[in-house]
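Swiss-Prot annotations:
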BINDING   Asp103, Cys587, His692  Mn(2+) 1 binding site
DOMAIN    256-420  domain 'DOD-type homing endonuclease'
BINDING   691-695, 818-819, 867-870, Ser874, 893-896, Lys969  GMP binding site
ACT_SITE  His893  active site, GMP-histidine intermediate
Amino acid sequence: MIILRVVNVAVPLKRIDKIRWEIPKFDKRMKVPGRVYADDVLIEKMRQDRTLEQAANVAMLPGIYKYSIVMPDGHQGYGFPIGGVAAFDIKEGVISPGGIGYDINCLAPGTKVLTEHGYWLKIEEMPEKFKLQRLRLYNIEEGHNDFSRVAFVAERNIEKDETAIRIVTETGTLIEGSEDHPVLTPQGYVYLKNIKEGDYVIVYPFEGVPYEEKKGIIIDESAFEGEDPQVIKFLKERNLLPLRWEDPKIGTLARILGFALGDGHLGEMGGRLVLAFYGREETLRELKKDLESLGIKANLYVREKNYRIKTESGEYSGKTVLAELRVSSRSFALLLEKLGMPRGEKTKKAYRIPVWIMEAPLWVKRNFLAGFFGADGSIVEFKGTTPLPIHLTQAKDVALEENLKEFLYDISRILEEFGVKTTIYKVNSKKSVTYRLSIVGEENIRNFLGKINYEYDPKKKAKGLIAYAYLKFKESVKKERRKAMEISKKIYEETGNIDRAYKAVKDIVNRRFVERTIYEGERNPRVPKNFLTFEEFAKERGYEGGFVAEKVVKVERIKPEYDRFYDIGVYHEAHNFIANGIVVHNCGVRLIRTNLTEKDVRPKIKQLVDTLFKNVPSGVGSQGKVRLHWTQIDDVLVDGAKWAVDQGYGWERDLERLEEGGRMEGADPDAVSQRAKQRGAPQLGSLGSGNHFLEVQVVDKIFDEEIAKAYGLFEGQVVVMVHTGSRGLGHQVASDYLRIMERAIRKYGIPWPDRELVSVPFQSEEGQRYFSAMKAAANFAWANRQMITHWVRESFQEVFRQDPEGDLGMEIVYDVAHNIGKVEEHEVDGKKVKVIVHRKGATRAFPPGHEAIPKIYRDVGQPVLIPGSMGTASYVLAGTEGAMAETFGSTCHGAGRVLSRAAATRQYRGDRIRDELLRRGIYVRAASMRVVAEEAPGAYKNVDNVVKVVSEAGIAKLVARMRPIGVAKG
């Protein structure tokens, strides 16, 4: 199979010096050049995605000054690159949510969007249903399919005289959308208008089934009568009770149950009810993700085992790897039992397919079967061009023969609903009775692979998808030959001339085919003898993860008969989704110092990190300890960190050491939607997950003694770094205003070089309203970090039994935002101008003397905080005049990812990373080992390189380096 790697070669680069590059104005729409700060290694990383293209697109926006800038930690974002900086005139320029911190794809109504559970929804149905969906997508970096929650669904009116592009592939796959809608090809993303007949597009070859809604309760509390009340409490906390048909989690549970009936065991172990699954390590890792999505923890055990087997032909020995995934939660084990999982040895138990599965909508049955075949179904195999039968073999004690047959007949009846006919027959076995269900024949196998396929086993799944694409391709060739047969017959009947009959179809078939059709009465055309075998097809057309390249055979420009286009935005960094089978496309940091040294803290580091983990809520969807209703957070949005201090979370002087004093003037809570407030209210005072963290660090190197002294830093000192932002509220604000701006952009006639690069005039009603909402989100983030600071101080007091203020000296060094837009005054061509600076994944870096810097730091410059990746160094830098002159007072914000989170989990194991860090003297406490794997040091660029570039460029000055000794992560 092919590994797809997208390399951007379209954007020219001119080297200025060792660490500066220029993107010349190669496109006449560019108003300014691009400026990139990177060494040779970092620039190559940027060439591999759309970073440079996005920087060039930003240079086309109205009112931009000097350069479109990319910092050394830059990588592809949404519209703007992450690590991007741009300044726009406040009168003539624009404002863009994508340039402040956000990560949309326009398609025709009727387009089928594939979801996690293998059912599809029409894109126009998504606005009502997207909150419940996770969509399938193609993770290019990893080369496999993945899932993402939907950030938003946007729609826009089709402009007068606007046309759409419709493309059709060789197997009949069709997609229709606006000219500038990007689709994935083997060469990277290409706009629909640039696709030509004969080009290839990347397809996810899975048909799925339509969504069918069913309402009602499957299981409620009454099913657990007599059980410990803690069981019900546990399930309710995870929204697993009551179980309703309309909950998408039903698809996940059906998949898990299917796999459990194949390769699972429910039984007593050491007096406890335990649920265990068996299989290959990579299969169980996929299953573990599903369990974790339900809030169920599972432990994976992998070990090598020596084996020795005696057979009639000889004795064999070797090593095999055994993997087991164990769920110790009695509550979940009981739930799965109630859903139909038998307790004890399955071969000794009589059971049927659960009634709720038999009565479920087709999409639920699909998930059950895919899980079951993922465990016990045979992988699809071919002999040349012909698929061999897919088998499902089951065994039971002889006394349960009738029950075994009934069980397989249940499976057969469900399969028939998908157009899959089967045969069931007995297989000879010595100790038990064994029956086999077989899917035989090309049409049945094609229907199985295209509508059901396998789940959990990546190898089975990928091969099954490519096999389905092959069988579709084969069928399309046979259909074309059938058509040639009919044409040649008709012409021969009309003319009696075989030469004419052959001439009409010679581009499709050879003369011998026409002769067989006319003289021998051939009725069922076969593929030609030189037709690709499956293995050849997989090698030439198959991509990792089961994706396939299909040739485009028809491209049309059409006048839409509908009045709207639709877009979907996803959270995943891949920024795509699967439509009709085709792949289409304020955070901040705070540093708190202490009077403690490593010698003081090292003996208590485990206790300290555990206490921080306990006192500061963290993890996916984590909720704060403060309970505010969404109607009560307006004061937070207006006053930011000041609100938190007024409520007792910190000291009045804290506000002097925060960017903007922890509060941006002009925030308007009425500009923030109810949905955003509902998402933010329960998360206030929480860390979140992903790359957000609390880190206990030691200052291990001072580069500038004078500035370090001004910042209160000394070698050997213990400090705490906090990285978190505005949580779900900020993301929702961006989602809301992207939709608003999509509708407004044409009204203002703003150039739109990239559909992701939505913007409106800064002085427009929409622009000002968004700016007010962005300020409110920034204030929420400052309040959030202020509350966390308070709990950090309390944690130190709890562990060291000393007063945070009088004894420990726990002062804030500084707090910087790195996804924000600011109105600032800068010098351009010798004149002072007011601009709206967009910093996306970039940090403000003002020089000595600037009035926006706290008085205590005004002589040395603004502190700049650069977090490294988990287990690597972080840095404190100082703002410089160089930054003011070159980058609108901006510098980098961190290391920048080189592996997606999912790629990191495949390459690293969380427990091994944790253990390795512990050997290096770094204690890690995390909500899950998955998060540790996602944030492995190897998933990021080398922060030392990034910092070296900005230092050499003179856009920040090195002050101090810190190394971690303890990490708390969500």
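Count begins at 1; order follows the chain as displayed.
Backbone N, Cα and C define each Cβ position, glycine as well.
Structural mapping of features recorded in Swiss-Prot.
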residue : record           : DSSP (3 states)
Leu694  : GMP binding site : strand
Asn819  : GMP binding site : strand
Ser869  : GMP binding site : coil
His893  : GMP binding site : coil
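Confidence across the domain 'DOD-type homing endonuclease' (256-420), taken as the mean pLDDT and rounded to a whole number, stands at 94. Each of the binding-site residues Asn819, Ser869 was scored by other CB atoms within 10 A of its CB, and the lowest score goes to Ser869. Taking all protein chains in view, 27 other C-beta atoms sit within 10 angstroms of the C-beta of Leu694 (GMP binding site).
A C-beta separation below 8 Å, combined with a sequence spacing of at least six in one chain, links His893 (GMP binding site) to Met71, Asp73, Gly83, Val589, His818, Gly841, Ala842, Thr843, Ile866.
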